[in-house]
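Pulled from Swiss-Prot:
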{"type": "SITE", "residues": "HIS176", "note": "site 'Twin-His motif. Important for optimum substrate conductance'"}
{"type": "SITE", "residues": "HIS343", "note": "site 'Twin-His motif. Important for optimum substrate conductance'"}
{"type": "TRANSMEM", "residues": "18-38", "note": "transmembrane segment"}
{"type": "TRANSMEM", "residues": "61-81", "note": "transmembrane segment"}
{"type": "TRANSMEM", "residues": "109-129", "note": "transmembrane segment"}
{"type": "TRANSMEM", "residues": "141-161", "note": "transmembrane segment"}
{"type": "TRANSMEM", "residues": "170-190", "note": "transmembrane segment"}
{"type": "TRANSMEM", "residues": "211-231", "note": "transmembrane segment"}
{"type": "TRANSMEM", "residues": "255-275", "note": "transmembrane segment"}
{"type": "TRANSMEM", "residues": "281-301", "note": "transmembrane segment"}
{"type": "TRANSMEM", "residues": "304-324", "note": "transmembrane segment"}
{"type": "TRANSMEM", "residues": "339-359", "note": "transmembrane segment"}
{"type": "TRANSMEM", "residues": "377-397", "note": "transmembrane segment"}
Amino acid sequence: MLTALQADLASVVEGVNLVWVLTVTFLIFFMHAGFAMLEAGQVRAKNVANQLTKNLLTWSIGVIVFFLLGAAVSAIVAGLTGGPATTVADAFMGLYAPDASATTAWVDWLFGAVFAMTAATIVSGAVAGRARLRAYLTYTILIAGVIYPVVVGVTWAGGFLNGLGFHDFAGGMIVHGMGGIAGLTAAWIIGPRMNRFNADGSANVIPGHSITFAVLGTLILAFGWYGFNVGTAAAPLAYSDGGVTLGSFAYVGRVALVTTLGMAAGALGAGGVAFYKTGKVDTLYVANGVLAGLVGITAIADDIVWPGALVVGLLAGAQLPIVFEFVEKRLRIDDVCAVFPVHGSAGVLGTLLYPVFAVPVWHEGASIVSLAVPQVVGVGVIAVWTFVATTAIFGGFRAIGQVRVSADHERQGLDTAEHGVDTYPEFGSPDADTGIRADGSGIPYGHGFMTTQEDE
């Protein structure tokens, strides 16, 4: 039986843990400001308001859907695939009207919701400049209500991949990998922007309007990532036998360290490969390399040490220019904000490298094969589910001619055509003869990723 002092101490521990979870949750929420700036900087000036509107509505619609439907779907799917058994009624009412004893129910939901909205908003960058808003928002409803919750159900919520031993600490594959694959699939179905590719299949670069915004967005995202990774250590204190010990905080320093080193190595990897290929250090490659390094670390940050973080971050950054060029020149898919090489392939890479750098392999003698098999199966299941679901939704809209805006609206710009606003009104209207504005929104097409060209 707990004494009064012990009971008070237990309450203090729970309170500290809840404050920690809420703090990192708010930090992760602020990552949406980073996504908004990163994507706005990489689109043309005539499409900035459209991109910002999609970011705002992704959160606003998605978080309501995740509350009303998505969280319950996760619990139901988990119960159907080997996780904790639950009824449909309990899955919904456990969130709508939790028991008095379930003091953390809504905090736990909010923590899960910011992860869900991160997965949802990744897609918007891939389809920028031509996606019809109603198609995109319908997909937002379904990714928040069904697609992402199914992935969570078979993994974090206790489903069959969790039972198999699949390891994803903070969403390298569950959040970022699936978001990147969904974005690539959507961009493939919608098709490229006008004049993105020539008749012979060669690519034209349509430069974004503000590297400044893109870099600012990168740094905001990197800051929020500390909430994403470090915050997943969700119970800093533990109470047992009348005493308080460090819970997840026993390893939180290592998570913070490998997160920091991973992002830095990612920037160097992407910048180095870009320099090797073009003779120039592309600013956007460096910025996106920071994010690719972070994505690569996210699935395994709890179970690796600093040498592994440097290698994984470097590889995640280095693959970015290579994969982007493959998507652009071989697949001829117009992934505007490079969401697949930043989130998709980097997330897959980091998740699959877990058995190579995992602490249990080197310190506990675990078998690499025993750790590798669940990772391969998990990546495959998540990738196939995401591809099939995304194809069905955007393919359906394409079949009825509602997946992308009209050619006139795309040419005019979605800010004025779809929203009735001009993001930069002080620059005036495009010149009737050249189509070039003072803000550069009609700038002739260049070469390379965004700014550079390989030497002849």
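Using the three backbone atoms N, Cα and C, a Cβ is placed for every residue, glycine included.
The structure displayed is predicted, hence computed values, not measured ones.
Distance from the CA of HIS176 (site 'Twin-His motif. Important for optimum substrate conductance') to the CA of HIS343 (site 'Twin-His motif. Important for optimum substrate conductance') is 5 Å. Looking at which of 109-129, 141-161, 170-190, 339-359, 377-397 has the most CB pairs under 8 Å to the transmembrane segment (61-81), the answer is the stretch 141-161. Around HIS176 (site 'Twin-His motif. Important for optimum substrate conductance'), the C-beta neighbours below 8 angstroms that are at least 6 residues distant in the chain are THR118, ALA119, ILE122, VAL295, THR298, HIS343, GLY344, ALA346, GLY347. Contact counts against the transmembrane segment (281-301), taken as Cβ pairs under 8 Å, peak for 255-275 among the stretches 18-38, 109-129, 255-275, 377-397. At the 8 Å Cβ cutoff, the transmembrane segment (170-190) and the transmembrane segment (255-275) share fewer than 3 close pairs (sequence separation 6 or more) and do not count as touching.
Highest Cβ contact count with the transmembrane segment (211-231) among the listed stretches 18-38, 109-129, 255-275, 377-397 falls to 18-38 (criterion: pairs under 8 Å). HIS343 (site 'Twin-His motif. Important for optimum substrate conductance') falls within a helix when secondary structure is assigned with DSSP. The stretch in closest packing with the transmembrane segment (255-275), judged by the count of Cβ pairs under 8 Å and taken from 18-38, 141-161, 304-324, 339-359, is 304-324. Below 8 angstroms of C-beta separation, residues 51-52, 55-56, 59, 103-104, 107-108, 110-111, 114-115, 117-118, 121-122, 124-125, 213-214, 216-228, 230-231, 234-236, 287, 337 of the same chain, each at least six residues beyond the ends of the transmembrane segment (18-38), sit close to that stretch.
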